[in-house]
Amino acid sequence: MSAAGPAMRSRFFARASEAAKQIAGRQPVTLCFSPLINAIPRVSPFSTSAPSYCANHKPSATTTQTNSTNSEPTDKYVAGLRKNKDWAAQTAREHPDLFPTLANGQQPQILWLGCSDSRCAETSMLGLLPGDVFVHRNIANILHPGDLSSGAVIEYAVKHLRVKHVVVCGHTSCGGVAAAMGSKQLGILDPWLLPLRQVRERNLATLQKLPPDEAAEKLVELNVRESLNVVTQKSVVLEAIQERGLQVHGLIYEVGSGVLRELDTTDSDEAIKARLVAFKTEA
Ligand SMILES: [Zn+2]
């Protein structure tokens, strides 16, 4: 336990107590845990660049602090809530049928399996709209074969929503990949990153021949291919590929340019036959 621990807890309980008083007095409650976040060291094994997240946060003043040129709050949560109303109105003007249609259900054509990274907002980067992309994101777009969360998303999207495309998307400067390329202990993240380390192990000779940046980018690509293997080993996916032409794609998102690159993921006929024999099951 670091020396900061008691002080952090003290601030936490002070804010919780203040929130309780506000509830008792029927005042609007705003909870912000950024002081706790700011207590976390900013140099982490996940860093691929210096993060600025919450670096200038001032809890007592930031929620009303504005940019002098356009009166926009500098706190992104406050700004986002304000912008939501404009966004909803503008989207409704540009697409009058969109929200009424979405209120009755969804028919996304794409299942997107990507990284949680804030720079990788799938619907924005594709220039699509709400209702177009069904999404599962996690650290470093890793698909554990036994993971209930991603497994349920894939089954629901493929079997019930009947998406036409399944996309696994990795990205450059991925903090999860950077962590798996290092050797620091990361607690709960170690078992999460295990498949990525196994990919690194299997391709160590190739990766060690490359400069560090290129090795990390290569591991991003290998990780996408590994996740695609997991997706296409699921019986529900194999069935949809065979029966209605479901397509599975691997992409890399370049965070420095905003551009998506498609990987060649064509399998040989032999590989496809072997996968069907080994993994396609029937009720
Ligand atoms: Zn990432």
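Yeah, the Cβs are placed from backbone N, Cα and C, and that goes for glycine too.
According to TrEMBL, the feature region 'Disordered' maps to 54-73.
Among the features that TrEMBL reports, compositional bias 'Low complexity' is placed at 62-71.
TrEMBL lists Cys115, Asp117, His171, Cys174 with the feature Zn(2+) binding site. Under the DSSP three-state reduction, His171 (Zn(2+) binding site) is assigned to strand. Cβ neighbours of His171 (Zn(2+) binding site) (same chain, under 8 Å, six or more residues apart in sequence): Gly114, Cys115, Asp117, Arg119, Cys120, Val220, Ile252, Tyr253, Glu254, Val255.
Among the binding-site residues Cys115, Cys174, the residue whose Cβ has the fewest other Cβ atoms within 10 Å is Cys115.
All chains included, 21 other C-beta atoms sit within 10 angstroms of the C-beta of Asp117 (Zn(2+) binding site). Look at Cys115 (Zn(2+) binding site): DSSP puts it in a strand.
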